[in-house]
Amino acid sequence: MAQINPNFIKHIQQELPNGLHLDEFIDYCLKPLRKSIRVNTLKISATDFQALMQPKGWHFEAIPWCNDGFWVTFEQEPVIGNLIEHIQGLFYVQEASSMLPPIALFDNLSLTHPTILDVASAPGSKSTQMAAMMQNNGLLVANEYSSSRVKVLHANMLRMGVYNTALTHFDGRVFGEYMYEQFDAILLDAPCGGEGTIRKDSNALKNWQLEDVIAIAETQQELITSAFLALKPGAEMVYSTCTLSQLENQQICQFLKQQYPNEVEFVPLDKLFNGADKACTPEGFLHVWPQTYDSEGFFVAKIKKLASVARLKKQPKPQKVFPFTDIPAKDLQILSHYLLKQYQISLPQNSQIKVRDKECWLFPQSIMPLIGKMRYQRIGIKLADILKKGFKIKHEALIALTTDNFTGEPSIELDANSAVNFLKGRDIAVTDLSIEQQHYLQAQVHGEMRVLHSGATLGMVKYLGHRLKNGLPRELVNDNACM
Ligand SMILES: C[S@@+](CC[C@H](N)C(=O)[O-])C[C@H]1O[C@@H](n2cnc3c(N)ncnc32)[C@H](O)[C@@H]1O
């Protein structure tokens, strides 16, 4: 049972808007949260995903503000994180209200290849949502301050097949200095007190103290100022939190407006979707209370930068070390031919292949003007190893760049049992496959090939005649994978 600190109740009572009642607020805080997911349209359409999961006893209810988001109920509750489809990155478990900030940011964003910053990204629900909305075009700089959370962010990006990113690992307060007026759009999903998360985390309000709210608000003021400096003139940013106190929400936005009265404009969100007006504040922000949409509490503000503002710190010196070189034209030809012939992969437009040591990397083209401005943990994805003769595709590239069940390449669709075995790191005996597949394999040359399940890539195997040798990277082996 969730525990709500009495000091919090006293505090929030004064902030509840007209028409909302404290009793109802507390009732909702104590109610379990509805489960929601977002379909990853980098891998599967929302329609196809529903068609795939409905026979497995999933029921879907559309989330009004996100075309790819659904509240889900199950005939039999699965361990969702271990499902094949989850491991394949076909969907992301994401709270419904947490889908709002990217929806607000992309509303009226007309650029097809924008350069976007996500200041506080981990674990990556909104970064992966934005990458899907960008369809892997443009550039998403995804930053995270906590080292352990950068790892989770990275794993989620790979699972979801995202490759238009550069990951950075900084305190978000540096962007105004290092990336002054560089971004077409910015999401600042700020670290916050998490008051809106009580339905998921029963301890979220147990030790609530006003001093903590005040302390974190200071960080938020610095983060919003830094993000505003990093935004191009004329561009828009979203400030969001999963907390409820005005100190961390409205007052942070007002703080920015006080600093830049002529350059800050609040963009009203009352028409963002049908029913958005229910959550809209007089300033045009969305302040979602748990009872507004039967969700977590959330706050979303959209801010337009009307004109350039002065730097607060002088331009830093460029970084010199960049350990990547261009791939020689001849090698690019050989690599492109291998990817196309073996896996029907055409290299994405607006990308560049770079080489470091014995590895080829796929970089988003739009990172190039930002090279040298700051240090990147990782750019794009690893594409292939360079062998003595030729190349060998990397697992992360295979699952990101092959999205359909092509017929021109050697590949095998595994049934659910074999798919689970594959994800557990086991080899697949050819005798476990259907008679048609066994005949198909007899006509193939021994060597690497792709395995799929439900039309989405699982990974690579080496066909050895009597078995398919498992090529899943060891760190991705999941002993708990299930159907
Ligand atoms: C609300 S969470 C972000 C959730 C994320 N946007 C998502 O949708 O999955 C806030 C994140 O900010 C990170 N953080 C904390 N202090 C930070 C700072 N000074 N700069 C950047 N990120 C910070 C936290 O580690 C945390 O991962």
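Glycine is no exception: its Cβ is also placed from the backbone N, Cα and C atoms.
Just so you know, TrEMBL annotations are computer predictions that nobody has curated.
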Name the residue, out of Glu144, Glu177, Glu181, that TrEMBL lists for the same S-adenosyl-L-methionine site as Ala120, Ser121, Ala122, Pro123, Gly124, Ser125, Lys126, Asp171, Asp189, please. Glu144
List the Cα distance (Å, whole number) between Ala122 (S-adenosyl-L-methionine binding site) and Cys242 (active site, nucleophile). 14
Roughly how many Å lie between the Cα atoms of Lys126 (S-adenosyl-L-methionine binding site) and Cys242 (active site, nucleophile), rounded to a whole value? 13
Distance [Cα-Cα, Å, rounded] between Asp171 (S-adenosyl-L-methionine binding site) and Cys242 (active site, nucleophile): 20
List the same-chain residues at least 6 positions away in sequence whose Cβ sits under 8 Å from the Cβ of Cys242 (active site, nucleophile), in sequence order, or say none. Ser97, Ser98, Cys192, Gly194, Glu195, Gly196, Thr197, Glu296, Gly297, Phe298, Phe299
How many neighbouring Cβ atoms, not counting its own, are there within 10 Å of the Cβ of Gly124 (S-adenosyl-L-methionine binding site)? 28
Tell me whether Gly124 (S-adenosyl-L-methionine binding site) sits in a helix, a strand or coil according to DSSP. coil
If you draw a 10 Å sphere on the Cβ of Ala122 (S-adenosyl-L-methionine binding site), how many other Cβ atoms land inside? 24
